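As structure tokens, the structure follows; a few thoughts come after it.
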Amino acid sequence: MSSQKKVSSGNTTPSGLAGLASPLNDQQINLLQQISDLSPQQLAWVSGYFWGLSQSAAPSAVTPIAQAVSAVAAKPAGKLTIIFASQTGNAKGVAEALEQEAKAEGIAVQLFDASDYKGKNLANETHVIIVASTNGEGEAPDNAIELHEFLQSKKAPKLPNLQYGVIGLGDSSYEFFCQTGKDFDSYLAKLGATPFIERVDCDVDYDASAAQWRKQALEKVKDALSAGVEADVVQLPVAQLAAGHALYTKQKPYAATLLTSQKITGRDSGKDVRHVEIDLAGSGITYQPGDALGVWFENSGELANQVLAKVGLSGVESVDVDGESLSIHSALVSKFEITSSNPQQVEKFAQLSGSKKLLKLVEEKDKLREYAGNTQLVDLLAEKQTKLTAEELVGLLRRLTPRLYSIASSQTEVDEEVHLTVGLVEYDVKGEKRFGGASGYLAQRLEEGEQVKVFVENNNNFKLPADDNVPVIMVGPGTGIAPFRSFIQERDNRGAEGKNWLFFGDRTFTQDFLYQVEWQKYLKSGLLTKLDVAFSRDQAEKVYVQQRILENAAQVWQWIQEGAYLYVCGDANRMAKDVHQAFVAVAEQEGKMSRDDAEEFINDLRKAKRYQRDVY
């Protein structure tokens, strides 16, 4: 091809525009030619900036080209790349907050979902921050599996020029606390990258520690990336920044109204499962099938009194919470977690109380985790009667965090409502009833017509296929059925032609078949192509959903060969693992593969987002 510049309408166009009729005047052409020596990353930035301007109707006194060219010319070449590995949205939220804070500091920044980031590009980066949650037993979140594996492989590039930071999110009650964050830290270091800030491992109540780490990280990054002449950051039009941004968030929830909390298990069931409907009218809140609803709850006032009695407090003592003076009773009800315990809490109370039993337990980490996972605060305090001040009690406690529930409705069906399937956590301790915090709030204490603070947590790792002709296989025992009610409503209202197969399981057919009438209706209409159930206590030998999958191995494999998407929702500890092994066994048996090849095949489905899980 000829490199000769083409003259059109009296304008000399840059070589990249050769052959195109230019709508630009001479001054604009001259300005545009100034970008010819920009780096690829700067060109990408300018491209995105121009696109944003093209979508905005707002006029500007400054020509877009002049504004963009002067801004990029003044900015240093370096940028901060933020990558989030997120399962439920917490890591994504921290990453988005970091992005906004970086912009406010004038730092060039770009944000990536781990599933959209090519690991080989790390070789071209100068500064990267990874925000990583941990899934299951130390596993990477679904959106980060590929990047996690790539960094361990021989294909991973050497990274001598990369400086990085890692923030891990997790739950210290679990053995593999923040394991994914630790993994990324280790992998990057082995590839020759240098940490510019020490990794932080954040617990369940991560807001304060994450905010402090972000501030420190940006102070270090700003020094490194602002060596050139500083210029004002050129923002995309506000409409572009706000696109897709939630009106209400974890920090600013919406005060919705409880419409109903109806028990949907039988009178003789050993479980209390509620169908909960919440009114969102006028909020403008939207959600998609697969998303979760965050619920801020209040603890039981009666339970707060029991806790206070254990440590010799009346409840009127004052404590300072975020600069606000509250009675200790009010603080326990609305600000702190009192329906569970954790290893750090047990260890602290062991020191305060001098309990020999607890001090011995602290030395045995496995037993400590098991104890903390099965013991509420009030029962921990009962181990040894110990008087505490209000400040000492608060020092034992984690901050209250919202609970996430898989949404059980589609807005194409219920409009300005959101539905949940809530299993009441309920058990006995020495003859006394214990209840879960959020489930007890929704099922027992919150009255119809009262307000409940909520927000939508998007889950891009659990979404219906865009193609309505693709078959889907859904595995959701117990309350894991919730998102599949949403899926079926959505496919019904979209007129989707793809086949739908549901595997459901619980204890008994007569008492625990959640939404039975709805599933029978969908089965009769043909929308639900196939329904297989496993009720574990309806026969002498217990039967579970994974066995139903194996019994239908040939047909499951046929659907997979037809491009079916696989979805699993529910218990992560046993069910999800057993179902995963069932899918591997199907691939091994029907696909005539070795066990290792079958495992790789199923994991490849996960990477391709054809095998998605919402487990807890």
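Quick reminder: no glycine exception, Cβ is built from N, Cα and C everywhere.
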Same-site NADP(+) binder from D506, D571, D578, given that Swiss-Prot records S536, R537, K542, V543, Y544, V545, Q546: D578
Secondary structure content, the domain 'Flavodoxin-like' (80-218) (per DSSP, counts of residues): 57 helix, 32 strand, 50 coil
Residue pair G136 (FMN binding site), Y616 (FAD binding site) - Cα distance, angstrom, rounded: 8
From binding-site residues S133, D171, F177, R537, the one whose Cα lies nearest T339 (FAD binding site): D171
Farthest-apart CA atoms of S536, R537, K542, V543, Y544, V545, Q546, D578, residues recorded for NADP(+), distance in Å: 18
Set of same-chain residues at least 6 away whose C-beta sits under 8 angstroms from S86 (FMN binding site): K92, A95, D113, A114, V131, S133, P141, N143, A144, N461
Local backbone state of G423 (FAD binding site), from DSSP in three classes: strand
Distance from A438 (FAD binding site) back to Y174 (FMN binding site), taken between C-alpha atoms, in Å: 20
